[in-house]
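A.B. asks: Mind having a look at this structure? Questions to follow.
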Amino acid sequence: MGDMANNSVAYSGVKNSLKEANHDGDFGITLAELRALMELRSTDALRKIQESYGDVYGICTKLKTSPNEGLSGNPADLERREAVFGKNFIPPKKPKTFLQLVWEALQDVTLIILEIAAIVSLGLSFYQPPEGDNALCGEVSVGEEEGEGETGWIEGAAILLSVVCVVLVTAFNDWSKEKQFRGLQSRIEQEQKFTVIRGGQVIQIPVADITVGDIAQVKYGDLLPADGILIQGNDLKIDESSLTGESDHVKKSLDKDPLLLSGTHVMEGSGRMVVTAVGVNSQTGIIFTLLGAGGEEEEKKDEKKKEKKNKKQDGAIENRNKAKAQDGAAMEMQPLKSEEGGDGDEKDKKKANLPKKEKSVLQGKLTKLAVQIGKAGLLMSAITVIILVLYFVIDTFWVQKRPWLAECTPIYIQYFVKFFIIGVTVLVVAVPEGLPLAVTISLAYSVKKMMKDNNLVRHLDACETMGNATAICSDKTGTLTMNRMTVVQAYINEKHYKKVPEPEAIPPNILSYLVTGISVNCAYTSKILPPEKEGGLPRHVGNKTECALLGFLLDLKRDYQDVRNEIPEEALYKVYTFNSVRKSMSTVLKNSDGSFRIFSKGASEIILKKCFKILSANGEAKVFRPRDRDDIVKTVIEPMASEGLRTICLAFRDFPAGEPEPEWDNENDVVTGLTCIAVVGIEDPVRPEVPEAIKKCQRAGITVRMVTGDNINTARAIATKCGILHPGEDFLCLEGKDFNRRIRNEKGEIEQERIDKIWPKLRVLARSSPTDKHTLVKGIIDSTVSEQRQVVAVTGDGTNDGPALKKADVGFAMGIAGTDVAKEASDIILTDDNFTSIVKAVMWGRNVYDSISKFLQFQLTVNVVAVIVAFTGACITQDSPLKAVQMLWVNLIMDTLASLALATEPPTESLLLRKPYGRNKPLISRTMMKNILGHAFYQLVVVFTLLFAGEKFFDIDSGRNAPLHAPPSEHYTIVFNTFVLMQLFNEINARKIHGERNVFEGIFNNAIFCTIVLGTFVVQIIIVQFGGKPFSCSELSIEQWLWSIFLGMGTLLWGQLISTIPTSRLKFLKEAGHGTQKEEIPEEELAEDVEEIDHAERELRRGQILWFRGLNRIQTQIRVVNAFRSSLYEGLEKPESRSSIHNFMTHPEFRIEDSEPLIPLIDDTDAEDDAPTKRNSSPPPSPNKNNNAVDSGIHLTIEMNKSATSSSPGSPLHSLETSL
């Protein structure tokens, strides 16, 4: 009975302990004793408490705290406790220094190759062959004027200097983003609060301020912030799997197992505990420190302690370590604010055991694209070097028949080094260094801005995944409605009151039952407080439905607090707390005569079925038959529900003193044979902005579904008010039990085919359990009923919503009403619990994708042109027209700036005027491909014209076939300058990727873009006019500058011409991808595929969607590339482990599998809107079409599970993980 009989106790000596604590720093129990006690489990712990301290109140006395009043809150006392018992904080690892980040940036293989080549070039440039031998070395050394040989070192030095610049820029980016992340992290941590009792007042304090001796209130959904011992509990069940590996919920009670451990989840019930260990001394903290999260000193110190403990309590530690290996969730202690945690092994275990996302949509596609670009670049650079070396060797030793002289060897080697540098230049050009940075910047920028739109992003990839969302499964309460509940109708003493009745109209005994039942059978943490501002609304604290009932008592001019003062929470004999399965709450009171009375409240149809009597008009109980119940349902409950009211039934039952005491653990026998007191109708108004937000979603091709625990009539009424349902539409509204009946076969197994028949038309799922929600979400995601497979976002607030939130592509948790467990399972937290914030998330998600596409269009144009120019130029003229240092400026510096410029475009409402991208849409739409090839054609024509005819046009010396270490030529400077200016003006073109004509639209709204374009132009002037030998530049005249600018601006005019050409006419673009039928794609690749987005298309045909299909079949090639890419980025920082769920902005992680997902990179479908006017206009106004998932324009052929994948430092987006 001890777990039920939470009766008041005379706390001898405890009440005075508050005063003692302020004067005496010596506690009656040491830190070591508390740690040893918390190591024990269940009966061992209970025995130790009884033997050493008597009971939990004895521990409270020794800790100088009151079980009822808590700590005094005196600052001196709190400081003393922190000094003795520690702070609720795990010191994070020191952030990497700037020099460490510089060293890591230097590990890039491309840069290492350039460094080696530059050093060799530098060393050889100082060698001069004997004068007499110069002629014998052939033409290779002819043409060097006096003194020019001495400047040969400049090129090598300039390359080294460029590498230093690149490294510093990279390191600074990483450093600033890590700093930004830590700032955001600390801000999030400051917002984490927990409820404690101090000075007799229930207050919320930051988790870090909790100290030993605090009396903490725990409730359903909490993640425990510290270790403690239960003082009083109501039906308390804890999920300890994070520490023990046991999946069953553990029932906690004073007489069986009173220990509560940090990092565990409260799955049911409520209670109070005295905090006994915090921070590194708590059970989760000990594990953190053993893993090194607390720093090296802590680790060494705790390793010694661990060894000692192993001898004494080997079993306990072994058990915990085994549990840790089984379930990495031990690392998820929310309140312990470790920003980095765990060594690599534990991190890998955690990832292996905690299902989270695979590669996100964008990451998957960019990974594949980077692999293919890397392959092409490697091939082109190798061919370039081979051709140059062969040409030189054949020309020198075969055609000119020169002998190989030992004295000439250094000169020959210089040539080979020069060829090698040209080859590396081609590789540098081909590898899109700016791409990971563009993703990082775009996501970081979006995440920062989304916080202002009430979206707190925990997983960065969720930000862009929202751009793909085709379906949103939303809760009703608080998300679509205001969560400001009030009782507006009631059925009492056989009368249906359309407004709250006067207390005089209710018989006194019914009023008494009503007041006592509501006061004690609502959580004592639910209360109504006076308004913060004069004239404002009273504040509702705790469960909003219970607050509505308490407000109902206040409307009846009765004060619930008087009843609670008379019957404190400790006097409650037994509480059956509310959960999603029972959908009711019951409280048992023991009367002085030995009799019991139970009060119940819950969903009206559930409680009414358990009622055998009802209080009549005169206040007497009369028999309540099934037909009477049916009458009430038809005349009272259904009319209330059809007005959108939530109906709650209140009832009671007496257990006379003479009868045997019931078996309290058998709830079904206890909560039955009730007497109905009243049925109340609670109004929760729809948020005024929600109907418009839902209309925007439907216009954007997103289907909104309501999943709620309310009855079907209430749900249907609210759905109609919101605009989810429209009169006359053929859509389904189902209750959970009906839904389950339809989707299961005779054996009770769920069948996907059955779900597929329901979900396309389903709009409302009422009376649903969290399991139903998970089943629906999984069913929609896994469905292949149409090619347009779904990307699903889900909102959730309850502990049991965790599975659905994790299964969804994007899980939204409620910041206000959500439990810690729901927040932990989510990807994004809605800080205002408002549906309109989800719409903003969709807008930001689409904007991220657009930003990356813009940069991709710009980057690929630069890459195509530069690779062809470097390759062709090198093969024809024996030298690259664009020198290594110039290419470093173009590719590493300018692209970095361009990624910043294009990735920070603010979103516009027009993003919501088109359908979602979908999972399998190609990354490069045909419009983008048209722009890339069109602009590349213009730029190549200009560059090659200047290269082979420029000297005649400008009447200057030709720069072609210049000897080694020749001075910079005006000719090649004009080529370089024109090339850069064409990229600069093409950056403006790249702002639009849908074929819009006005590329300047909104340009001044983006100050970053304007600043960067102007800044790049200024730097280009400095490089050309003053760069000299290091940049291989010669000063240009005003005329030459004007011609360069004119040719650069030509890209804007050329862009208008390209926009005029209808994409649908360019059939040859189709040849870029070979059609692969759906059935040809191997199942395992289907399972790994990820979402695709393309802006240019409305639909995607089944065939002809895959590019480089052959590459996917050659597994060994991909392994080679993986190895190459791993080495390419091996020096980059490993991502911080998600050791604490405080790390809300944890990093997106992915790896490149041997079996690459089949993702089309080039779109080759015909359906395309070429005119910007079409593209920006809203789709056809058919509500069915807008609101039907089948027409949402998504083509999906794969499953994307939210499961963790280990991070690969070789991934091209790895910088994303390391820098945020």
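Glycine residues also receive a Cβ, built from the backbone N, Cα and C atoms like all the rest.
Quick paste of what Swiss-Prot says about this protein:
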COMPBIAS  312-325  compositional bias 'Basic and acidic residues'
COMPBIAS  337-356  compositional bias 'Basic and acidic residues'
MOD_RES   G2  N-acetylglycine
MOD_RES   S8  phosphoserine
MOD_RES   S17  phosphoserine
MOD_RES   S338  phosphoserine
MOD_RES   T1116  phosphothreonine
MOD_RES   S1140  phosphoserine
MOD_RES   S1155  phosphoserine
MOD_RES   T1165  phosphothreonine
MOD_RES   S1177  phosphoserine
MOD_RES   S1178  phosphoserine
MOD_RES   S1182  phosphoserine
REGION    1118-1220  region 'Required for basolateral membrane targeting'
TRANSMEM  106-126  transmembrane segment
TRANSMEM  155-175  transmembrane segment
TRANSMEM  367-386  transmembrane segment
TRANSMEM  419-439  transmembrane segment
TRANSMEM  856-876  transmembrane segment
TRANSMEM  883-903  transmembrane segment
TRANSMEM  928-948  transmembrane segment
TRANSMEM  972-991  transmembrane segment
TRANSMEM  1006-1027  transmembrane segment
TRANSMEM  1040-1060  transmembrane segment
A.B. asks: Sequence-remote contacts (6 or more beyond its ends) of the transmembrane segment (928-948), Cβ cut-off under 8 Å?
C.D. replies: 853, 856-857, 860-861, 864-865, 868-869, 872-873, 877, 881, 960, 971, 974-975, 978-979, 982, 986, 989-990, 993, 1047, 1050-1051, 1054-1055, 1057-1058, 1061, 1063, 1066, 1069, 1072, 1095-1096, 1162-1163
A.B. asks: When you scan the chain for residues with a C-beta under 8 Å from the transmembrane segment (419-439), skipping those not six or more beyond its ends, what do you find?
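C.D. replies: Sequence-distant neighbours of the transmembrane segment (419-439): 110, 113-114, 117-118, 121, 159, 173, 362-363, 366, 369-370, 373-374, 376-378, 380-382, 384-385, 388-389, 392, 851-852, 855-856, 859-860, 862-863, 866-867, 870-871, 874, 879-880, 882-884, 887-888, 890-892, 895-896, 898-900, 902-903, 1128, 1212-1216.
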A.B. asks: Would you kindly list the residues that approach the transmembrane segment (1006-1027) from elsewhere in its chain, counting only those six or more residues past its ends and only Cβ-Cβ distances under 8 Å?
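C.D. replies: Non-local partners: 889, 894, 897-898, 900-902, 904-906, 973, 976-977, 980-981, 984, 987-988, 991, 1033, 1035-1036.
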A.B. asks: Tell me if the transmembrane segment (155-175) touches the transmembrane segment (883-903). I count contact as 3 or more CB pairs below 8 A, with pairs 6 or more residues apart.
C.D. replies: yes
A.B. asks: Can we call the transmembrane segment (367-386) and the transmembrane segment (155-175) in contact, meaning three or more C-beta pairs below 8 angstroms at a sequence separation of 6+?
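C.D. replies: No, these stretches are not in contact.
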A.B. asks: Apart from its near flanks, which chain residues at least 6 from the ends of the transmembrane segment (856-876) lie with a Cβ under 8 angstroms of it?
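C.D. replies: Residues 369, 373, 376-377, 380, 383-384, 387-388, 391, 419, 422, 425-426, 429-430, 432, 434-435, 438, 882, 887, 890-891, 895, 898-899, 902, 923-924, 928, 931-933, 935-936, 939-940, 943-944, 947, 979, 983, 986-987, 990, 993.
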